[in-house]
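The structure appears below as structure tokens.
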Amino acid sequence: MEINFRHEINGQKVITAIAQDWKTGQILMVANMNKDALQKTIETGKAHYWSTSRNSQWLKGESSGHTQEVKEILVDCDMDAVVLKVKQNGAACHEGYFSCFFRKLNTKNIENFNEEDLETILEKVFNPDDVY
């Protein structure tokens, strides 16, 4: 049995990785992992991902210090996505929020919505200008 790295982005075979707070169940972020990133995550207990924009592996929190300690890894029925149950140290979102899902979409028309249709539902944990 094998993990199914069937999604290809920029020539890299990846799986979808969802980071979830291990205590509350809050979804923190969605990213991609290639085989090496998943292996490194398993070996170190720290979340590693594959950056599709930089085409490189990265350790979550490498520059910000906001790391993810992996407590458990769940695999979906198709073996092409994982949920990382993590202890989030600091914030998961590079924009300064605990979760990347800090906005609520309040519209019935996804083809024509604007900034007023997005409601910020979380407070910032840090100022990105101070970290990046």
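Backbone N, Cα and C atoms are what each Cβ position is placed from, and that goes for glycine too.
Bear in mind that the values here come from a model prediction, so they are computed numbers and not experimental data.
For D78 (Mg(2+) binding site), the same-chain residues that are 6 or more apart in sequence and have a Cβ closer than 8 Å to its Cβ are N4. Positions annotated as Mg(2+) binding site by Swiss-Prot: D76, D78, D80.
The Zn(2+) binding site annotation in Swiss-Prot covers C77, C93, C100. Cβ-based neighbour count (10 Å, all protein chains) for C77 (Zn(2+) binding site) stands at 6.
Excluding D76, D78, D80, which define the Mg(2+) site, the same chain contributes N4, I15, V75, C77, M79, A81 within 8 Å (Cβ to the Cβ centroid), listed in sequence order. Taking CA atoms as the reference points, D76 (Mg(2+) binding site) and C93 (Zn(2+) binding site) are 24 Å apart. Sequence-distant neighbours of C93 (Zn(2+) binding site): residues of the same chain at least 6 apart with a C-beta under 8 Å from its C-beta are L28, M29, S99, C100, F102.
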